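Below is one structure, written out as structure tokens; comments come after it.
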Protein chains: 2
Amino acid sequence: MEKILITASKTYEVLTGEGLLPRAGRLIRPVLSEKAQKLCIVTDDTVDRLYSGVLSDSLTDAGYETVKFVFPPGEASKSLDTLSELLEFLADHQLTRSDALIALGGGIVGDLTGFAAASYLRGIDFVQVPTTLLAAVDSSVGGKTGINLKAGKNLAGAFWQPSLVLFDIDTMKTLSYDLLLDGAAEAIKAGAIADRELFSYIDRVDRLDAPETIRYLSSRAIEIKRQVVEADERDTGVRQLLNFGHTVGHAIEKCSDFSISHGHAVAMGMVICARAALALGWSQEDCLSPLLASLEKFSFPLACPYSAEELCNAALKDKKRMGDTITLVIPAALGDCRLKKIPISQLNEFIKAGLS
Amino acid sequence: MEKILITASKTYEVLTGEGLLPRAGRLIRPVLSEKAQKLCIVTDDTVDRLYSGVLSDSLTDAGYETVKFVFPPGEASKSLDTLSELLEFLADHQLTRSDALIALGGGIVGDLTGFAAASYLRGIDFVQVPTTLLAAVDSSVGGKTGINLKAGKNLAGAFWQPSLVLFDIDTMKTLSYDLLLDGAAEAIKAGAIADRELFSYIDRVDRLDAPETIRYLSSRAIEIKRQVVEADERDTGVRQLLNFGHTVGHAIEKCSDFSISHGHAVAMGMVICARAALALGWSQEDCLSPLLASLEKFSFPLACPYSAEELCNAALKDKKRMGDTITLVIPAALGDCRLKKIPISQLNEFIKAGLS
């Protein structure tokens, strides 16, 4: 079992290893209040069938009473309606300020559960148990929680750190290769931001779905996220580096009506961004080639089916809340990204350079 | 204009004086981001008719664009539904992270607006402009925000401090005497907790609805709230002192189906609590007499129409989330309250002693 300590407004550990779910109760007990009695497992139908039983048994063995809130999988559940149902559920089951929530699932489960934990009784503890690689390397660490509004994704939420992150690598066995890729994209992103060594590692590796590859990639990605979150927990500066590939990636997701998943879209977004930065002379070296090599090694589909105009319109619709400029993340060198503010009028030209 | 500086997780001023609303724009500008452009005034229909115009004009004069969200007055609006509508409204009007909300009204407006500010884009600034004495002396200071769930009041929310509190005493002219009493109860409560001088002042004063009385009472109450909030912002210890009279008070509100208002119920609650503490030998001096004298001077109706059993049942229904004990606030001496934990099985006996 590997431990990474996150020192944000709350200090907590990310535990990564095999066989952690059956030991969850014992691992969770030290981080919760001694007065904690009741834990609410929050999950979706898919993950519920796979892992609720083992988690719940382990919590019961550790002396906790458990209740369970299950909702339909998918982005549509990350809503004020589900949040509302969950909060009423917690009140109906009379969870106290000392009790806690356990988010068992991917990013949607974690984001929603975290926001409920932040809001219920003005804030109670919660534990992240990510069961997708994407959630493990990205959303479960750093305390960004939230839900979607009708006007857009993640428009309401809270900064609320978990008390513990438990990443049981065994759960990756039930993940499709496509879902593994979604997580791998964020790990490669972390490498592009701050760890060029990661690209040499991928160069030497045989397959993404080997436990040792997953362990290495998640460990590096979490470590880089730790550094960035500790430097800027509330996302007013350097934390924006984590958005490498995301401005264009979000636009791709939207243009596809979310049929292209987040990680796949971010992979395309990173390539477009690296190619544009190279063409415009904003990179000091060729970051595109190693990025392409890593993504292609894992067989990412990288052909972007949208025009610069379509992507630009989608991106700007999302960014009107930001004013007249847009902050891009540019790879100055491999493993060294920088923030660059450009007028929104230049975005179309930038994306065009990235597509050609 | 009087200033009280609150040093919590955010440092901000409470400004009290006459003629502040017409100067709101100029007073607010220094505390918001330089990038703030759009302000959303949140208020209810009653206050909207009285004060939105002057506030909005003042903000416009100071160079801000304003939008306005108005909801029906009353506790039923302090709901997830209204919160949801408000959040969607903010997104539709594309408020940015640099923009801010202005809560114009009583405690319901302030609590709801504060929670929306805490949640929108994971937290933006907000300003409290209390237009009731109760909101001025109590809910607008200290950062407790929230909404009601079906299971009970204030069960969801956030600790989120305002950037400024603007209390224009002129707005008290449109307040009914009953609503003034609601605020006076909390001011007297503050005196009971930490300022016995306040009782001598009330003894000397002519009338509650004179501006100088309001200025004195609000100033003392806010100062005491400042001390308590600074010592325990997240309400895990000494801040519970602010609940003097509230356990029984809440029970009275509930038994009356909220036809007895918060302040009036707290006044009755304080009397019951002081009488019980005296009878049980938990007070070192007679706190009941000066408390009664102050409340009667302002003509508080103090006869409690409910039995100990009714109040006890109502109180415990609310407190199941707390476990097997209940923390009471007991006046050890006038101006010196203490927390006292008792088994919930003793609550009935305590209330009975307070009623007889």
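Keep in mind that glycine also has a Cβ here, set from the backbone N, Cα and C atoms.
Quick caveat, the model's predicted, so the values are computed rather than measured.
Confidence annotation: the domain '3-dehydroquinate synthase N-terminal' (B:69-177) carries a mean pLDDT of 97 in the model. The domain '3-dehydroquinate synthase N-terminal' annotation in TrEMBL covers B:69-177.
For B:Thr131 (NAD(+) binding site), applying a Cβ distance below 8 Å and a minimum sequence separation of six or more within one chain yields B:Val47, B:Leu50, B:Tyr51, B:Leu104, B:Gly105, B:Gly106, B:Asp168, B:Thr171, B:Thr174, B:Leu175. Under the three-state DSSP scheme, B:Thr131 (NAD(+) binding site) falls in the coil class. Annotated NAD(+) binding site per TrEMBL: B:Thr131, B:Thr132, B:Lys144, B:Lys153, B:Thr171, B:Met172, B:Lys173, B:Thr174, in sequence order.
For B:183-320, the entry in TrEMBL reads domain '3-dehydroquinate synthase C-terminal'.
Mapped onto three states, the DSSP output places B:His262 (Zn(2+) binding site) in helix. The feature Zn(2+) binding site is assigned by TrEMBL to B:Glu186, B:His246, B:His262.
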Least surrounded among the binding-site residues, given as B:Lys144, B:Lys153, B:Lys173, B:His246, B:His262, when other CB atoms within 10 Å are counted: B:Lys173
Binding-site residues listed as B:Thr132, B:Thr171, B:Thr174, least Cβ neighbours within 10 Å: B:Thr174
Site of maximum Cβ density within 10 Å, from binding-site residues B:Met172, B:Glu186: B:Glu186
Cα-nearest neighbour of B:Glu186 (Zn(2+) binding site) within the listed binding-site residues, B:Thr132, B:Lys144, B:Lys153, B:Met172, B:Lys173: B:Thr132
When distances run from the Cα of B:His262 (Zn(2+) binding site) to each of the binding-site residues B:Lys153, B:Met172, B:Lys173, the nearest one: B:Lys153
Residues from B:Thr131, B:Thr132, B:Lys173, B:Glu186 facing chain A - binding-site residues, CB under 8 A: none
Closest of B:Thr132, B:Lys153, B:Met172 to B:His246 (Zn(2+) binding site), Cα positions, binding-site residues only: B:Lys153
